[in-house]
């Protein structure tokens, strides 16, 4: 909105407004705007959640130290979504389709999480939507994103080819060649790509959801992942940097940098209230929205295979649950004292603060490694 008003409309009459053409300037201001929104309306949101008695239910089989957190306001992800989406609307070029894709992805997964949280609050138990219902909605939302990207591919704005880290010349195609030139069936050739998008986005949203078990853990890792994505999105949309780093040149994805910057600012603002001891929890509305947003950005900028490093802690947390469940079903034995992984470290004697900070450090190392792959091609 501000980009349209101040640059596209008023720039001819007031030349200093040319500064709004620069992506770095608008990204910085989107991040600051998101931070201020989160900080300023955070106390109001916390007060209203308490007023409506929207508190966290703590499962009895979890670590006993967590029982004191029962009743802490939850569904704080609403605050995160507002703080991300408003600055994106203000500072980005809204004619860019990729901006709408990442915003609508955030809204869709946030809505799924909101429904899940609402059911938990109403029934006062730690079970919301059924696993089947939640998975169905996530698959439908992810499939819609995949289809939208296939349409953009047909318009020449996107490529469904996969970019492989460390192998600049390797670009596997996610399509069925036999269908590409068949009238009325060409779009069906991209079904493998849509399936891949579903796996990436659904996996990421649930991985962030599993990580959200300690004060500030998931949001701190999100700040790091979103920061890495901000860099990757900027260079992917910058013609000179993309050519130099031998990335696929995608000029239109540059505007998504503003969304990533807003995600960083909103997450920092939320961490102010979510830091141990937390005054508010993000709930599923926050974790699913952030996980969906992170994965959608990665898909849009063709860095899906870097996502396990960009969000390394999220992957480890999800793997710990998969391994724990698989081991128990096959061998009737558990690998970890408790899954997800952060609870295992709590039960072996690490304090909550130590687990959080050490996981943040690991997340930073993963993200830095992801950024180094830009040059290792």
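Glycine is no exception: its Cβ is also placed from the backbone N, Cα and C atoms.
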Of 94-114, 115-135, the range Swiss-Prot tags as transmembrane segment is 94-114
Listed stretches 71-91, 94-114, 139-159, 216-236, 354-374 vs the transmembrane segment (252-272), most Cβ pairs under 8 Å: range 216-236
One stretch in 139-159, 216-236, 280-300 has more Cβ pairs under 8 Å to the transmembrane segment (94-114) than the rest, namely 280-300
In the same chain, residues at least 6 away from the ends of the transmembrane segment (354-374) whose Cβ sits under 8 Å of its Cβ atoms read 165-166, 214-217, 220-221, 224-225, 227-228, 231-232, 235, 245, 247, 276, 306, 309-313, 316, 342, 345-346
Ranking 27-47, 139-159, 182-202, 216-236, 280-300 by Cβ pairs under 8 Å to the transmembrane segment (71-91) puts first 280-300
